[in-house]
Structures are given as structure tokens and as C-alpha cells.
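Working notes, structure below.
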Amino acid sequence: MKQMIARLAVAAVAMTVMAGGAFAAEYPKNKPREQSWTFAGPFGTFDQAQLQRGLKIYTENCSACHALSRVNFRNLADLGYSPEQIEALASQYEVEDGPDEFGDMFFRPATAADAFPSPFPNEEAARAANAGAYPPDLSLIAKARAPIRGFPAFVLDPFRMYTENGPDYIYSLLTGYKDEVPEDVNVPEGLWYNPYFASGVALAMAPPLFPDMHEFDDGTEATVSNMAKDVSAFLMWTAEPHLEERKQLGFRVMVFLLIFAALLYLSKKQVWSRVEH
């Protein structure tokens with residue numbers, strides 16, 4: 001029996017290592033660089049100022065190609081914006097509505113109840129404007145593009161409470177463009193070499209960030225690294241807007257379970273202390 005258990009344990013370890021190797025093969029050429037995030041860990045919270053800077057980068061830069069269709073303007077109240085500020089931002093966009101009394105669709109200024117509109121009417125138009133590439137919707141990108149981490153990382157991550165591989169990947173991608181291409185790498189014409197890209201070594205999106213391309217009200221320096229980190233944090237918020245509430249609830253549940261376990265232990269001790277053994 002002991003020999004069988006030992007064999008099963010060895011087989012389980014071998015399968016884990018093999019699975020880790022398979023996962024690692026799906027990684028980008030360079031693994032995403034881990035960053036320090038305010039929302040990391042069991043008590044992490046979003047930095048509102050950082051999220052506001054990330055929103056500014058999205059609206060002034062990313063929104064020309066990428067949609068944010070799962071985020072409504074009213075959700076920006078979580079970032080500290082007043083209803084008047086939200087309405088003012090929404091009014092800068094137009095959304096399709098209708099039909100009117102003649103059965104025709106029409107465009108109107110967006111309101112707080114509307115979602116961020118897509119820059120393209122359909123996927124075909126988006127591909128035609130981007131040399132055949134389809135710019136993904138960024139609403140859930142921080143979750144959808146979270147790379148699978150190889151062995152032993154995927155074993156250790158739950159103990160580290162590490163769940164930031166999505167924003168780490170986005171940050172690494174935005175800051176990972178390289179001018180020099182290795183001799184053993186073939187980059188098709190019209191694509192840009194980026195060893196952090198999860199689907200290959202080159203992508204159709206040109207480097208989107210350049211130093212001093214934005215000016216922030218709080219005086220934060222507009223370096224490529226700072227801007228990449230700000231927009232990555234913002235996209236983590238769009239993907240998981242209830243992250244703070246989830247962590248707070250989890251902490252309350254853990255406290256409840258600890259108290260409940262202590263009460264069960266004391267009750268058992270009190271009841272069975274009267275029973276002769």
C-alpha cells in the first residue's frame with residue numbers, strides 16, 4: 001500500500017512538472033515583469049489618482065482603436081468623479097439610438113447611463129482600419145490576457161496571493177517594444193517586434209506611448225513607464241471594479257470562520273468535559 005501511494009505521489013509530481021513546462025511554452029518570449037500595485041494582496045485598494053490618469057490615457061490615446069463597451073460612464077463615480085464631470089465627459093461621445101418615428105437610427109450625445117461607444121461600427125470596419133488586425137475590447141483585457149504562469153509559479157501564486165499577472169502583462173507589453181530584432185526572429189513587414197506579446201513576437205499595434213505625450217493635473221511625470229502602469233491599473237479596475245469590496249468581504253468571512261471555529265472548539269470542550277472517558 002505504501003509503495004502504491006509513493007508511486008502515485010511521484011506520478012503526480014511528474015505530471016505537475018510536465019504541465020508546468022507545457023504552460024511555460026505558451027508564455028511570451030519574455031515573461032511579464034512583476035510590478036508593485038496598490039491593489040495587490042488581501043488588503044489592496046485602487047489608487048483613485050492613478051485610475052484617473054489611466055482614464056485620461058485611455059480616452060486621449062487608446063479609445064481611437066479600442067472599445068470599452070462593458071464600462072458605463074456612470075461607473076466613473078468610483079474613480080471620484082462628480083455627476084457633473086461624468087455628464088460632461090459622456091457628452092463628448094456620440095452613441096447610436098433609435099429608431100425614431102420614421103424607423104431610422106440616429107446619433108445623440110452620450111449620457112451617464114451609456115457605455116463607452118466603440119470607435120468602429122463593426123469588426124470588419126475595425127480590421128479594415130488596422131491592416132487586418134482587430135483591436136480587442138479593453139473592458140476585461142486585464143483578466144482575458146492574464147498569461148498562465150509556468151511551474152513552480154502557478155503552484156506558489158495562491159500562497160503569495162498573486163493575481164496581478166494581467167496588469168503585469170499589459171505593462172510589460174506597453175513598455176516592451178524593441179527596435180533591435182534578434183537574428184533568429186522573423187518580423188513580418190508592418191508589424192512591431194515585442195518579446196512580451198502573448199500571441200507571438202510581433203503585433204500590428206505600434207508603440208502607443210511616448211514620453212510627455214500627456215499632461216496630468218496632479219503633476220505626475222508622463223514617462224512611458226508611469227503611463228503604462230497607470231493605464232494597466234485602470235484596465236484592472238474595468239475588469240474587476242468590485243475588487244475592493246470582494247477583498248473586504250473575504251476578510252470578514254475569514255474573521256467569522258475563525259470566531260465560529262473557536263466557538264465550536266469551546267462548545268465541544270464544555271460538552272465533552274462532563275463525559276467520563
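Even glycines carry a Cβ here, placed using N, Cα and C.
Under the heading heme c binding site, TrEMBL lists Cys62, Cys65, His66, Met205. Within its own chain, His66 (heme c binding site) has Tyr58, Pro119, Pro135, Pro136, Asp137, Leu138 as residues 6 or more apart in sequence whose C-beta sits under 8 angstroms from its own.
Annotation comment: TrEMBL describes 49-139 as domain 'Cytochrome c'.
The signal peptide annotation in TrEMBL covers 1-24.
As annotated by TrEMBL, transmembrane segment applies to 249-267. For the transmembrane segment (249-267), the list of distant contacts is 42-43: same-chain residues at least six beyond its ends, Cβ to Cβ under 8 Å.
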Spatial neighbours, same chain, of Met205 (heme c binding site) - Cβ under 8 Å, 6+ residues apart: Cys65, Ala133, Pro135, Trp192
Nonlocal neighbours by CB distance (under 8 Å) for Cys62 (heme c binding site), same chain, sequence gap 6 or more: Leu138, Pro208, Val231
Span of Cys62, Cys65, His66, Met205 around heme c - largest C-alpha separation, Å: 11
